[in-house]
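Following: one structure in structure tokens, then a few remarks.
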């Protein structure tokens, strides 16, 4: 019998083993769609970003007007820009849901996959931050100033580090140029990391909603899950295009329609919505270094989740107390996001501090305690 090219060709067999003949648990739900959605988000962002880069000028005097030119004079430039800007929001929606899924179903016990995933999240956050600076509007400039300035809280080397990152004594032309270079480079780094992420995942195979080994019941990825993924793509592209066509500036800051001016500070400097939870945690500590450490901890705490898993069961599917805690954490993150968008005034300050405290308490203290308690209740 003639050899099947799909299974023998050095490159095709790589694709075959990842996307066609991959043994997949038969019961994975729609929560397992977000990995492929993140992949399609990345592809969309790279494609639209490349088209935008062909019309963009990384210079403080021209950046703002080059973006305006793209929207006004380039064929479908407005659409490409709107898809790129809102695509970032969908990227973050997908990654947060993907992390939430991993957390709920105990996928973090695949430690290598989980850790590379967190590195991917950090790379995505860095990419989104440097990308937000490129249009050189007011919020771009002041956001860059505020966030890069946080590094000056690092003892001894802080100020030197910030001036080295800026390429001068303030956010200026060298900063914009290097941010453009980084914004171009990082997505390709993300693509490489995603490949590593998948390699680790395929070592152990996917987890499933029951959190039990599924070797006894695996089905081929194609056609079952390839079709399911295509449905996922349609379900995601529908709201994305709707947003980009009908309300493209819904999630943006109106302040960014004003060209950057170092002499005028906007009344409320705040990041895009997907960073607000971390921004709220940063602001909740009335000390610069403490705030920076809390900000870093808000994401880096995810590295500890595999070590804090005390339950004998992997998923939360049959653990009502952990479920309650999980959804409390989700509600808490919504509160943090809301507080991050509010000015630093009386009720919001204390709400932010309580929500930040609750966030770390749930993750570091309550989850392991409740996990151990549930073991006791089940006589494990």
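Just so it is clear, glycine is given a Cβ too, placed from its N, Cα and C backbone atoms.
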Swiss-Prot annotation (transmembrane segment) - matching range among 137-157, 158-178, 179-199: 179-199
Matching range for Swiss-Prot feature annotation, transmembrane segment, among 227-247, 248-268: 227-247
For residue 202 (ubiquinone binding site), the one of 84, 98, 183 that lies nearest, given that the binding-site residues are compared by Cα: 98
Non-local residues, at least 6 beyond the ends, that sit with Cβ under 8 Å of the transmembrane segment (289-309): 99, 103, 106, 108-109, 111, 114-115, 118, 121-122, 125, 150-151, 153-155, 277-279, 281-283, 356, 359-360, 363-364, 367-368, 371
Tertiary contacts of the transmembrane segment (34-54) (same chain, 6+ residues out, Cβ under 8 Å): 70, 80-81, 83-84, 87-88, 90-91, 94-95, 97-98, 101, 183-184, 187-188, 190-191, 194, 229, 232-233, 236
Tertiary neighbours of residue 84 (heme b b562 binding site) (same chain, Cβ under 8 Å, six or more apart): 45, 48, 49, 52
Top partner of the transmembrane segment (227-247) among 78-99, 114-134, 321-341 - counted as Cβ pairs under 8 Å: 78-99
